[in-house]
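Below you'll find the structure, written out as C-alpha cells, and then a few comments.
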C-alpha cells in the first residue's frame, strides 16, 4: 500500500510539474508574440509617418497638368498604402489569436491553481494590457489609413476637395522641417516608452528573482528543520527499537519461567492423582473398619457399659468419618482449584520463583499428609487388633478403652492438624491465585506496552517514510527552482544584451535616417534651385528668341522697302536664304532646350527612383528586424 501511495504521489508531482512547464511555455510564447506584434506595430507606425509626410506633397496630383513622375509617386503611395493595410489586417488577426490564447490560459490557470498562480496571473495581466495597447495602435493606424485612402480616392478620380479646404490646408500645412521634427519627436517618444516598458520588465524580473531567492531561503530553512526533526524521530525510533528488544528479552525469560511452572504443575497433578488413589484405599479400609465396628456393636450389646463405651467410640468414629469426608471434600475442592490453576496457567505467559517454592512446600505438606494417613492406618490396625483382643479378654477392656480414648483424642488432634494444614494449603492456593492474577496483569501490561511500542515504531516508520518523500520532493523543488533561477538569470542577461543591442541599432538607425533625411532635403533644395535656374534660363532664351525674331522681321522689311524695285526672282532667293538662316539658328536652340528638358526629366526620375529605393530599403530593414 505504501508503495502504491508513493507511486500515486510521485505521479501527481510529475503531472503538476508538467502542467507548470506547459503554462510557462504558453506564457513565454504569449510574451514573444506580444513583443513581435508591438515591434511590428512600431514599424508600421514609422511607415505610416512616411506616408503622412508624402500625403502633404500629393495635393496637386491626379490633375491633367501633373507629370508622369507625380503619377509614379502616386502609384508608389498607393502600393505602400495597400501593403500597410494588409500588414495591419495580419496584425489584427494575430491579436485575435493572442486574445483567445490569453482567455484559454487564464481558464487553465483558474482550474489548476498551483503554487505559481499569482506570478502567472500577473504575467497574463501584463500581456492583456500590452494587447489592449496594440489594439489602440491598430485602431489609430486604421483611422489614418482611412484618411490616406480618401486622398488616394481624390487622386484617382482627378477631383479635389473644396477650394476653401485647399486654402485652409495650404494655410495650416506644416513645413517639411516641421514634419521631420514631429516624426523625430514621435520616434523618440515611442523609443522612450519602449525603454520604460523594458525598465519595468527588468524591475519585475528583479522582483521575481528576489522572490525566488526568498523562496529558496525558506525552503532551505524548512529542509534543515525537517532534517533535524527526522534526526530526532530517528533517535526516538532507535530508543523504541531498543526498548522493544529489551521487552522481547523479558518476555522470553517469562515464557521460560512459565514453561518451568507448567512442568512443576504437571508433577503436582501426578502427585494429586497418586494421593487420590491413596484416599480411595483409605475409604475402602474405613468401610472394612465400619463392618468390624458393627460386629463389635453386636458383641458389645451384651454389656451396657461396653455398649455405652462402644457408642461413644462410634460417635468418635462418626466424627472422624465426617472429618475424613470433609477432608475428601476439601481435597476435591483443592483438585478443582488446581484444575482452574492449570487452566489459568495455560493462559499465563509469566511465572515467578516464589511460586516454585510454594509448590515445593505444598508437595512437602502433601507428603506429610500421606505420612499422617499412614499413621492413621496403622492406628486403625492397632484398634482392630485391640478389639479382637477385647473379645478374648474382658478384664483388660477398661484399660484398652482408656487407651482407645487417648488414641481417639490423638486422632482428633491429628484431624485438627490436618484441618490446619488444609487451611494452610487453601491460603497457599489463594496466594498462588493472587500471584497468578498479578502475573496475568503484568503480562497484559507488557503486551499493551509492546503493542504500543509496535504502534509507535510503525508510526515512526511511516513518519520517516513521509519525511524522506517530502525531503526528496523538497530537494527536487530546490533543484528545479535553482535551475529556474539560473534560466531566469540567463534570460535577464539575454534581455539586457538584446536591450543594449536594440538601443545601439535604434541610435544608429536614427542617425542614418536623420542623415538620409538631411541628404534628401538638401538634394530636394538643390533640384528645386536647378529647376528654378532652368526655368529662368528658359524664360530668358524665349525672350531672346522673340526679340531676335522681331529684329529680323524689322530688318527684312527695311531691305524690302529699299529694294522694292528689284526683280522678283531676287526677292524669292533672299526669302529662301533668310528662312534657311532662321532654321539653322533655331535648330541648335531647340536642341539645347530639348537637352536641358531631358536632363531635368532625368534628374526628376532619378530623384523619384532614389526616394522609392530609399523607402523600399527602409521598409525591408524594418520588416527584417521584426521578423
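Note that Cβ sites are derived from N, Cα and C of the backbone, with glycine treated the same way.
From the options 577-597, 598-618, the stretch Swiss-Prot describes as region 'Disordered' is 577-597. Segment annotation: Swiss-Prot labels coiled coil over residues 188-218 (candidates 157-187, 188-218, 219-249). Note on the coiled coil (312-542): mean pLDDT across this stretch is 69.
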